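Per TrEMBL, the features are:
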type	residues	note
ACT_SITE	150	active site, proton acceptor
ACT_SITE	160	active site, proton acceptor
BINDING	15, 21, 22, 95, 167	NAD(+) binding site
Ligand code: NAI
């Protein structure tokens, strides 16, 4: 269903790897709502080539960029404005990766080279993106930048490992940069804290199936789906949310404010 919420708006969408990716759903919805945008991902992630189908479906151009490289980001932003024919109105940062998680290193036994790499990809890339956009004066007034995060930034979820620290830093950047970008250019910066979702990044977390089932029972509305997360991103890119900035916004079916649910209590009656 389209309400032309993003008609006339231009953007960049990071992180569509395959059909499960949250960014993929955002691109589909942004297209339905009338936006024009560039799709981008790390050059290595494009070897699978799945993103080509999304580009075709949404009439978008793909510009590869490693989000840890300021040079790549500046090139991406400059070329995006050229291709789309003007300054941008929205950017989605949907990027996350922990090498320690991938290699199975416990949180108390990190390889710090891996930690730094994961931090650069998952958190610092957001600052690099915002700083590059600001220097190039790439965003229109009331533009909106959204990054995706997880509640492990606030509470311990043991197997989320060093990604928890990365997400805390990511959310802090949204607050700090949101202040400066708001004052300078009326640009809004927020993070959306999403329910666990079955994607490539999500399923890399140990015990993810148990995790997702627990979260489902602990959320009065159930886990929020990727498609619904995409809808929330569209709302955040639209003019209907112009005064929302520097926030971490929970999109989690109520999980973040739930102490316990009856469904979880019922599992303990036999003990
Ligand atoms: P995904 O695996 O589909 O997306 C992660 C993306 O990051 C991939 O497209 C990958 O190629 C990209 N990426 C990795 N390194 C990069 C680099 N150097 N430069 C540019 N792009 C790079 O998984 P998903 O779940 O859609 O993840 C998107 C975001 O949502 C991530 O920030 C993730 O932490 C967040 N999130 C995911 C949840 C889940 O349970 N799946 C829950 C809450 C937040």
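Glycine too: its Cβ is placed from the backbone N, Cα and C atoms.
Automated prediction, rather than curation, is the source of TrEMBL annotations.
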Where the C-beta lies under 6 angstroms from ligand 1, the matching recorded positions among 15, 22, 95, 160, 167: 15, 22, 95
Other CB atoms, at most 10 A from the CB of residue 167 (NAD(+) binding site): 25
Extent of the NAD(+) binding site in Å [max Cα distance among 15, 21, 22, 95, 167]: 18
